[in-house]
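Undergrad: As annotated in TrEMBL:
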- 86: active site, proton acceptor (ACT_SITE)
- 23: site 'Important for substrate specificity' (SITE)
- 87: site 'Important for substrate specificity' (SITE)
- 171: site 'Important for substrate specificity' (SITE)
Ligand SMILES: Cc1cn([C@H]2C[C@H](O)[C@@H](COP(=O)(O)OP(=O)(O)OP(=O)(O)O)O2)c(=O)[nH]c1=O
């Protein structure tokens, strides 16, 4: 997979992956990052707002996931660079998150069959000592080959769809799906590694300071 090259974390901060996704941890490990895992609370993902686009949704969720773990790293003796992400597929105007069950996965695969679709990952980096934050979204366009009922049935039986946006894993080892634009395979699997490197490298000049003490802030909850 491309882009598996690490860079330094600004200020030498310990990197905290605010995600329970095994794929994100694998990608970070493969690139050589040292990090701890501290998943965001489940309520960081709270449904699709009306008229929200897929890129808006993943940006919002990535932000909320990072924000939800921030209070754990607020003390001066526990500084961290928090990394959170959220991935969805988007096909024919529908946003596809993780399937609730096998029949939901089957519906998603039937929709994706033979269609071009996009996978979006939102990434949020938040440095706890100075509460500076950056959010970005990467899109990858994919083409799914036509899937016949037997292919869908056999894939569902593997349970590999479980926990994967769109009910299908790009990394699952069959040739059903190909990247047609946007390049990043790691983005499809849950963390755009080349963009992560750029975000870390440009963090000092690009991140915004977030007021975490005002009304509605993590500290006030
Ligand atoms: C499209 C696609 C997604 N995925 C995965 C990446 C993500 O783990 C998952 C999308 O769900 P997310 O809600 O983005 O992440 P998560 O629930 O796994 O972890 P957390 O919320 O704790 O960060 O789908 C693949 O593994 N392969 C794929 O081809």
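Keep in mind that glycine also has a Cβ here, set from the backbone N, Cα and C atoms.
Give me the structural setting of these features: burial, nearby parts and distances.
TA: According to DSSP, residue 86 (active site, proton acceptor) sits within a strand segment. Just so you know, the Cβ of residue 86 (active site, proton acceptor) picks up 27 other Cβ atoms within 10 Å once every protein chain is counted.
Cβ neighbours within 10 Å of residue 23 (site 'Important for substrate specificity'), excluding its own Cβ and spanning all shown chains: 20.
Taken residue by residue with DSSP, residue 171 (site 'Important for substrate specificity') is part of neither helix nor strand, so it is coil.
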Undergrad: Out of these recorded sites, 87, 171, which one has the fewest other C-beta atoms within 10 Å of its own C-beta?
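TA: Minimum Cβ neighbour count within 10 Å, taken over the recorded sites 87, 171, occurs at 171.
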Undergrad: If one measures from the C-alpha of residue 171 (site 'Important for substrate specificity') to the C-alpha of residue 23 (site 'Important for substrate specificity'), what distance in angstrom results, rounded to a whole number?
TA: 10
